[in-house]
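Participant: Checked Swiss-Prot, it gives:
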SIGNAL    1-27  signal peptide
DOMAIN    34-111  domain 'Inhibitor I9'
BINDING   GLN113, ASP151, LEU184, ASN186, ILE188, VAL190  Ca(2+) 1 binding site
DOMAIN    116-379  domain 'Peptidase S8'
ACT_SITE  ASP143  active site, charge relay system
ACT_SITE  HIS173  active site, charge relay system
BINDING   ALA274, TYR276, ALA279  Ca(2+) 2 binding site
ACT_SITE  SER326  active site, charge relay system
Amino acid sequence: MKKPLGKIVASTALLISVAFSSSIASAAEEAKEKYLIGFNEQEAVSEFVEQVEANDEVAILSEEEEVEIELLHEFETIPVLSVELSPEDVDALELDPAISYIEEDAEVTTMAQSVPWGISRVQAPAAHNRGLTGSGVKVAVLDTGISTHPDLNIRGGASFVPGEPSTQDGNGHGTHVAGTIAALNNSIGVLGVAPNAELYAVKVLGASGSGSVSSIAQGLEWAGNNGMHVANLSLGSPSPSATLEQAVNSATSRGVLVVAASGNSGAGSISYPARYANAMAVGATDQNNNRASFSQYGAGLDIVAPGVNVQSTYPGSTYASLNGTSMATPHVAGAAALVKQKNPSWSNVQIRNHLKNTATSLGSTNLYGSGLVNAEAATR
C-alpha cells in the first residue's frame, strides 16, 4: 500500500482476553487520536492490514471486545502504520506480540520564531569561484513548503500535510530556509550557499509551522524514494519517536544526508530528530562566532553555522531576516551540496565526516561540535 487509505478496519493476529467496562457503542463515541504503530517486521504489517480488510470497521480483540481503528498511512520502507484510535484501546493493542510499540503522532514545530551575512562567514563564495555551486545535487527541504520566488529555482516536491496539497509556503519558514541553501546568483536579492543546487519542496509542516511525526516520516521516505542527496530538516521536537528514528535511518541507508536543527530552547541537550545518530545536528552562532543564546548544545552536536539575523528569501517575492537553528541548518545543507558536486561518488557518510573534519574549530565540542562549517576548506 503506497498511499493514504480511507477508514478501514483492523484486527490483531492474536485473540487477547481483555475485559473492558465500556461497550462498543460508547467506545465509538470516544474521541480518537493519531498514533503510530510500529511492528517487529514488515511482514507483520501486511498481515495486520489483511486482518483489517477482513473485518467491518473494528478490530477484534476478544469475543467480548471490539475496537474501532482508522488506518491513515502504511509506510513503504519502515514497518509502521499511521492510525487513529481511542486512547483507551492502546494498551490492548500493545499486547499483540507482532507490535513493538505504539506512540502518539506527536506535533513537531519549526525551529525559528523571531525575525545574512552567513554566506560570507561560511566562505561559500570561495567555493563558487572554483566553479562549485551545487549543480546537479538534489536537496529536499522538509518544511512548510517553498513559495514561488524570483530568487529560487524549485524543481519539484510533494506535500504530506493533510488539507494542504500544494507545496506553496503558507508560513514563510520553508521559503527562508530554501534561500539560504540555494538562492540564485542572479544579481537580485540574496545569494545561497549552493545557488545551483536543485531544490525540492517537501511540505511536512502546515501554515501554522507545526506538523506530525508521520508527515515528517513520509517526507523522509519521499526523499529516499526520489534520489535526494541532502534533506534539510529545520524542525524538531523535545520528544523522541521510534518512527522518526527509523525514517531517518532508512533515508540515510538510501543515500540521503539528513541535516537537522539542534533546537532553540538554549538547553544543554539537542532536539529530535537532530539527536539521532544518523542525523547531522546543527547549532547556531552569531556574528562574533559565539554560540547563539537560543542554540541547543551538548552530546551529539555535529557542527555549527550562522543563525542570527540571517537574511533570505520570503513569500511574496520578498526577503526577511530571521534567527534560529533553523537558519543555521541550511548553511550546512548547502555546504554538503557543494561537497557532493565536487565529489559525486562520495557517500552521505563521507560528506558528513568531511564537513566536520574541515570545520573551523571554535572551542568546546559540547558547544560547537566540530566547529563552524567551512565551505572553502571543504571544497579544496
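Keep in mind that glycine also has a Cβ here, set from the backbone N, Cα and C atoms.
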Participant: Any idea what the Cα distance is from TYR276 (Ca(2+) 2 binding site) over to ASN186 (Ca(2+) 1 binding site), rounded to a whole Å?
Facilitator: 37
Participant: Averaged over the whole of the domain 'Inhibitor I9' (34-111), what is the pLDDT?
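Facilitator: Mean model confidence (pLDDT) across the domain 'Inhibitor I9' (34-111) is 87.
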Participant: 10 Å Cβ neighbour count around HIS173 (active site, charge relay system)?
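Facilitator: 30, counting other Cβ atoms within 10 Å of HIS173 (active site, charge relay system).
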Participant: Rank aside, I only need the closest one: which of the recorded positions ASP143, ASN186, VAL190, ALA274, ALA279 has its C-alpha nearest to that of HIS173 (active site, charge relay system)?
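Facilitator: When the Cα distances are compared, ASP143 comes out closest.
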Participant: To test your reading of the Ca(2+) 2 site: which residues beyond ALA274, TYR276, ALA279, same chain only, put their Cβ within 8 Å of the Cβ centroid of those residues?
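Facilitator: Counting only non-site residues, the set is LEU233, VAL248, VAL258, ALA260, ILE270, TYR272, PRO273, ARG275, ALA277, ASN278, MET280, ALA281, GLY300.
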Participant: Nearest to VAL190 (Ca(2+) 1 binding site) by Cα distance: which of the recorded positions ASP143, ALA274, SER326 is it?
Facilitator: SER326
Participant: Determine, from DSSP, whether ALA279 (Ca(2+) 2 binding site) sits in helix, strand or coil.
Facilitator: strand
Participant: Looking at the recorded positions ALA274, ALA279, SER326, whose Cα is closest in space to that of LEU184 (Ca(2+) 1 binding site)?
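Facilitator: Comparing Cα positions, the candidate nearest LEU184 (Ca(2+) 1 binding site) turns out to be SER326.
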Participant: Determine the most Cβ-crowded residue among the binding-site residues ILE188, ALA279, using a 10 Å radius around each Cβ and all protein chains in the structure.
Facilitator: ALA279
Participant: May I ask you to report the DSSP-based helix, strand or coil state of ALA274 (Ca(2+) 2 binding site)?
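Facilitator: DSSP assigns ALA274 (Ca(2+) 2 binding site) to coil.
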Participant: Tell me the Cβ contacts of ASP151 (Ca(2+) 1 binding site) under 8 Å, same chain only and six or more apart in sequence, or just say none.
Facilitator: GLY179, ALA183, LEU184, ASN186, ILE188, GLY189, VAL190, THR313
